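What follows is a set of notes on a single structure, which appears directly below.
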Amino acid sequence: MAHRPRWTLSQVAELFEKPLLDLLFEAQQVHRQHFDPRQVQVSTLLSIKTGACPEDCKYCPQSSRYKTGLEAERLMEVEQVLESARKAKAAGSTRFCMGAAWKNPNERDMPYLEQMVQGVKDLGLEACMTLGTLSESQAQRLANAGLDYYNHNLDTSPEFYGNIITTRTYQERLDTLEKVRDAGIKVCSGGIVGLGETVKDRAGLLLQLANLPTPPESVPINMLVKVKGTPLADNDDVDAFDFIRTIAVARIMMPTSYVRLSAGREQMNEQTQAMCFMAGANSIFYGCKLLTTPNPEEDKDLQLFRKLGLNPQQTAVLAGDNEQQQRLEQALMTPDTDEYYNAAAL
């Protein structure tokens with residue numbers, strides 16, 4: 001592997017200080033060198049075990065420490081999960097992500113998790129999980145089951161992290177990413193904008209991600225979804241341009257990674273989302289629920305794709321199976337579908 005120079009904090013700070021339009025121009029140039037600028041990878045996320053999490057992440061409604069009105073649910077049955085995966089595939093998703101509100105998986109649950117991964121793979125979808133910290137053996141078992149991606153976010157900079165979470169150390173998160181990588185699973189890791197962090201903290205987060213031995217293949221950038229009952233419910237709103245700037249810097253620093261618009265997208269208007277795509281975002285979560293917070297309605301996403309001339313990406317594992325790609329393309333082009341957008345009619 002060719003030597004990859006490490007980023008410094010001062011270099012990242014310079015990117016954040018660039019005039020926004022110059023930054024967007026640079027990010028779009030980088031993006032076009034490595035990706036088709038009209039393609040967006042589409043994922044669906046399902047909460048397979050909701051609530052009653054023992055951790056104290058101040059942004060999260062799934063923590064048992066906060067009264068958010070969220071009802072705790074046990075681990076879903078394997079067939080329930082696979083039925084959701086079938087629906088996701090029919091709706092056009094190419095990756096199915098399964099999330100559980102745990103500090104770490106219990107050994108007794110591993111056989112069920114392995115069956116979920118195998119079942120999702122059998123459907124021709126990429127499989128992703130986010131289950132908390134993992135042991136080496138758990139990471140290897142998931143890899144053997146066929147897991148493509150494992151999500152484990154760093155959330156924020158090492159310096160600000162202690163203000164948000166105390167029940168899991170930053171090093172534990174880095175250790176889990178290393179175990180996942182060593183097991184041969186691709187890494188999905190990003191963070192949250194709007195926790196009360198400074199621009200320097202945003203730079204610090206991206207610095208950590210970009211300077212990993214191998215940068216994450218997927219980098220979700222979340223906008224804080226403020227949930228009543230959590231300690232961050234009254235945080236200030238994130239300025240749209242600040243969020244777009246973070247997307248652009250992530251694209252420049254990690255040119256071959258997928259940069260995903262994740263939680264908080266329902267708070268963005270179409271113009272903000274369009275600028276995020278211009279800044280280099282090329283992945284979204286598609287569906288009605290993003291774990292326990294709202295996600296834009298599917299049809300609205302397809303309409304936005306149509307307006308911007310974007311296409312849902314077809315994943316390599318689906319060679320010879322074009323069902324969902326054809327469904328999306330047909331919906332975008334057919335006048336009598338809800339997804340159809342006709343600019344001439346406006």
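Even glycines carry a Cβ here, placed using N, Cα and C.
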Site co-member for [2Fe-2S] cluster according to Swiss-Prot, given C97, C128, R260, out of C53, C188: C188
Rounded distance in angstrom between the Cα atoms of C188 ([2Fe-2S] cluster binding site) and C60 ([4Fe-4S] cluster binding site): 19
Inter-residue Cα distance where the pair is R260 ([2Fe-2S] cluster binding site) and C53 ([4Fe-4S] cluster binding site), in Å: 25
Under 8 Å by Cβ from R260 ([2Fe-2S] cluster binding site), same chain, sequence gap 6 or more: Q41, S43, G190, S218, V219, P220, I221, A281, S283, I284, F285
Sequence-distant neighbours of C128 ([2Fe-2S] cluster binding site) in its chain (C-beta under 8 A, six or more apart): S43, R95, F96, C97, M98, L147, D148, Y149, Y150, N151, C188
Local backbone state of C188 ([2Fe-2S] cluster binding site), from DSSP in three classes: strand
